[in-house]
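Asker: So Swiss-Prot lists the following for this protein:
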type    : residues : note
REPEAT  : 129-162  : repeat 'TPR 2'
REPEAT  : 163-196  : repeat 'TPR 3'
REPEAT  : 235-268  : repeat 'TPR 5'
REPEAT  : 412-444  : repeat 'TPR 8'
REPEAT  : 566-598  : repeat 'TPR 12'
REPEAT  : 647-680  : repeat 'TPR 14'
MOD_RES : Ser932   : phosphoserine
MOD_RES : Ser941   : phosphoserine
MOD_RES : Ser943   : phosphoserine
MOD_RES : Ser970   : phosphoserine
MOD_RES : Ser1020  : phosphoserine
MOD_RES : Ser1021  : phosphoserine
MOD_RES : Ser1039  : phosphoserine
MOD_RES : Ser1043  : phosphoserine
MOD_RES : Ser1085  : phosphoserine
MOD_RES : Ser1087  : phosphoserine
MOD_RES : Ser1097  : phosphoserine
MOD_RES : Ser1102  : phosphoserine
Amino acid sequence: MSRGSIEIPLRDTDEVIELDFDQLPEGDEVISILKQEHTQLHIWIALALEYYKQGKTEEFVKLLEAARIDGNLDYRDHEKDQMTCLDTLAAYYVQQARKEKNKDNKKDLITQATLLYTMADKIIMYDQNHLLGRACFCLLEGDKMDQADAQFHFVLNQSPNNIPALLGKACISFNKKDYRGALAYYKKALRTNPGCPAEVRLGMGHCFVKLNKLEKARLAFSRALELNSKCVGALVGLAVLELNNKEADSIKNGVQLLSRAYTIDPSNPMVLNHLANHFFFKKDYSKVQHLALHAFHNTEVEAMQAESCYQLARSFHVQEDYDQAFQYYYQATQFASSSFVLPFFGLGQMYIYRGDKENASQCFEKVLKAYPNNYETMKILGSLYAASEDQEKRDIAKGHLKKVTEQYPDDVEAWIELAQILEQTDIQGALSAYGTATRILQEKVQADVPPEILNNVGALHFRLGNLGEAKKYFLASLDRAKAEAEHDEHYYNAISVTTSYNLARLYEAMCEFHEAEKLYKNILREHPNYVDCYLRLGAMARDKGNFYEASDWFKEALQINQDHPDAWSLIGNLHLAKQEWGPGQKKFERILKQPSTQSDTYSMLALGNVWLQTLHQPTRDREKEKRHQDRALAIYKQVLRNDAKNLYAANGIGAVLAHKGYFREARDVFAQVREATADISDVWLNLAHIYVEQKQYISAVQMYENCLRKFYKHQNTEVVLYLARALFKCGKLQECKQTLLKARHVAPSDTVLMFNVALVLQRLATSVLKDEKSNLKEVLNAVKELELAHRYFSYLSKVGDKMRFDLALAATEARQCSDLLSQAQYHVARARKQDEEERELRAKQEQEKELLRQKLLKEQEEKRLREKEEQKKLLEQRAQYVEKTKNILMFTGETEATKEKKRGGGGGRRSKKGGEFDEFVNDDTDDDLPISKKKKRRKGSGSEQEGEDEEGGERKKKKRRRHPKGEEGSDDDETENGPKPKKRRPPKAEKKKAPKPERLPPSMKGKIKSKAIISSSDDSSDEDKLKIADEGHPRNSNSNSDSDEDEQRKKCASSESDSDENQNKSGSEAGSPRRPRRQRSDQDSDSDQPSRKRRPSGSEQSDNESVQSGRSHSGVSENDSRPASPSAESDHESERGSDNEGSGQGSGNESEPEGSNNEASDRGSEHGSDDSD
């Protein structure tokens, strides 16, 4: 069946030439016809496309190339055909360039396509097909992704459903890792044209894989296979999904799919690489190499080439062909993307094999950057950095290994690596890591702990000072090495030698020198070239003071290794210890002349110290001193340039600055060194020296003392001398003497110490002798010390050490001591005289003190006797008072009985209601009688006031008169009857209205007596002699009955010189002070007649009672205002005891008279109320 034909018009005629597509002639023939007939361009393009469809690409290219030049453009819209011609040819070149393997040919094709697209741009730039072709060309170039994206975007703006543009955008989004966006474009293209080729669904499948939607990806790949059973991409995709399931059946299915893909396209690099990976795990390395090499040569995609090279490299690696493996690993890293780090892992292993740890570290760092928590990479990097000398890298290694041990706590190797890193910085951490490793070995692995680990643990304990633990681990390591020697004798014997050496060092530290020496010599018998043993034996001899023996051991080491720097350094130190500066300097210079040790820090420091030491020797050549300073400074600077953290060099620079006189700068240097480390004793001493030079002696003393405590277990005489010097300059001579004496105990034969002790003794003695306040003991002791200093100086001036001090100076000091001793007798005599005077003065003062003490003792004894006598008198007075009280109580009872008989005839309401209180209303004598109290209360109140004199009683009276009446009235009544006292009204209210009387309980009727107590003495009428019990609180006598008022009126008519008996009846002036005469006359005139003729009304009586009560409280008694009678004066002395006793009783029972007053007032008020009723 004919596919069709095309007509070519003949020139200048109406005829045409018809060419059948099934029988197209050769290209050249067609071109000649087209040229001859001057055929239009669109016919050229149609014929060219037909040739392309039939696979005749050469004719296709020839036709389009000829059409560019010879095509007829003389017709409408020829520009579009012209552009189509150029774009079609360019698209062909782009397609060929994509397939081309040769880089030069590929480059030529791209150049031709670029030229053609540029020419087309000049014709119609914004044609959709032209833009699509140009965008695909940009995608091929790879580095013009954004330009292609812009052109696809432009096309989609004009035609949103343009499928090539949608597929182009999907491709760009996928390459930019925007998998969701790419999937969206694929879906849109599929919706626009559901009949899209299988490649569209293949692209969707890849998007689903990247989005981790594996089931949808499987469906997409399967659908692509349904549409195109030869879609290799879909077969590979499904195969990878099957292989990743890691099950036997899935792996089998995956391999079958790959084989099917290989059958369809044997040159597909993706298929070849996956098959190579499969055969690698089957250990068929020849097939791996064949397939991978074939894949490498069949692709220009670098990612594919990297995969192929990696497969080749690891096949050679596993066959131990490390050179070929290195080559392919390296080539794979050149092609690999940043995410494909497996080649770097293999390459790093190859670098480790070659010993290039730096490049190996870089390779593993790239792997770790892509996979930050990869266990194997961190472990390898940790091991690599652990062996580095760079502390920063060691810190990185520590971090990596800690992460490894956290992720896999049972990894013994990681714990051991971590412990080895921590050995330098964290001994306790290293011990802990070793402990964990040993525990895992014993518990999890069920294996014995290797002797290497035991030796390392012992060494760590040794560094910590745990000598016992260290010995235990060293011995265990030796036992373990002997047991393991059966398997590898040479290796474990070497370990035993190292452990034996460590054990010998331990014995040295434990001061078991004999055992250490024995071990060293045993090692040397088996291994005569073990240089360290010679050095340790020499060091032990040096520490014992056997310098010659030490030198012999060091020379033995030099016979084995003539250029051994440690041996030459130790020999040089022997010379320096003997102050042989020249030979010592030559030894260190010899070390620095060797090429391998020309920058040896220790030797350079030693040379600097030699030049610095020469500055301590006395010299007058300032130029020479300056040269030595500059040389030492230059050496220390060189050391700092080589090692910026060398503290000893910094300390040396500070010392040179101090010698130059720059004390402040030197102090700053020393301070910085001490901040960096406090474990260098020289820095402390240098700081103290600077303080002395700056005259900060207190700080210097503290620094020296701290240095002694921190660094020297025993007394170091050199540092003690520095301390004594600071104390001497500070003026603390006594402390200086004690410090030097301690040093003399350590080094009794040291002549410098002896000189300094003598000098301090001399200065102390001089200061004591010049001080006129010094006592005899101090002066005698100073003379004794001066004699001792003289003997010391005399001895030192003859046999002193000329190298350490000037003997002439000792002789001069001896003469000065002799001069002072010649003047000492004057000072002794002066002190003796002063001492005698002080002794006499002290004796006199002691005598006066003794007299004063005896006088005080005598006065105290007299006072005690007086007090005892007074107490005795008081007791006697109390006894008399008690007797008198008993008599008065008896008398009061008889009087009351008489009064009751006289009042028995009265009647009426008054006698009934007021009768229970009438038994208490007596004459004036009864008013003054005391109320019987409970014995317990009377006794207590009386004893409190016994012994008070009359003046005391008088003061109490005056004081108590100021109390308000209401307060006085409530106490006794409530105390007598038991209930709690009630608050009374203020005095103003009592004046207006008499208070309602409180009723006593029936049990108390007839039992209350007057509380006034009258002295039994007949002649005590004077107010100064007579004291009644209720002193200080005057009575209200106006509250008694009419007969009481009558009796009082009669007493007013009697003379003032009545007998003692009448005065006793009228009451005591002290205990119950009377009203003045004017007041008494008023009472008489107001109350005399009514009491006989009529009964007063309640209101009148209440008024009278309140007025009289107020007057009684405010004034002094009648007897207070009149002079005492002569008879009372004559009996004053005889009655003083009785008066005092009564006064004491009254003042002690202050509540009793108050109760009596209230009783009287209550009785008067009750009478008034009865009458008014």
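Every residue, even glycine, has its Cβ placed from backbone N, Cα and C.
Can you tell me where each of these features sits in the structure?
Answerer: Mapped onto DSSP classes, the repeat 'TPR 2' (129-162) shows 27 helix, 0 strand, 7 coil.
Long-range neighbours of the repeat 'TPR 3' (163-196) within the same chain, counting only residues 6 or more positions beyond its ends whose Cβ lies under 8 Å from a Cβ of the stretch, are 132, 135-136, 139, 145, 148-149, 152-153, 155-156, 203-204, 206-208, 210-211.
Mean predicted confidence for the repeat 'TPR 5' (235-268): the pLDDT average there is 90.
Within the repeat 'TPR 8' (412-444), the DSSP-based counts of helix, strand and coil residues read 28 helix, 0 strand, 5 coil.
Within its own chain, the repeat 'TPR 12' (566-598) has Cβ neighbours under 8 Å at 531, 534-535, 538-539, 542, 547, 550-551, 554-555, 557-558, 604, 606-607, 609-610, 613-614, counting only residues six or more beyond its boundaries.
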Asker: When secondary structure is assigned with DSSP, how many helix, strand and coil residues does the repeat 'TPR 14' (647-680) contain?
Answerer: 28 helix, 0 strand, 6 coil
Asker: Could you give the residue numbers and ranges of same-chain residues that sit at least 6 residues beyond the repeat 'TPR 8' (412-444) on either side and whose C-beta is under 8 angstroms from one of its C-beta atoms?
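Answerer: Distant contacts of the repeat 'TPR 8' (412-444): 379, 382-383, 386, 394, 397-398, 401-402, 404-405, 453, 456-457, 460-461, 463-464.
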Asker: For the repeat 'TPR 5' (235-268), DSSP counts of helix, strand and coil?
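Answerer: DSSP composition of the repeat 'TPR 5' (235-268): 26 helix, 0 strand, 8 coil.
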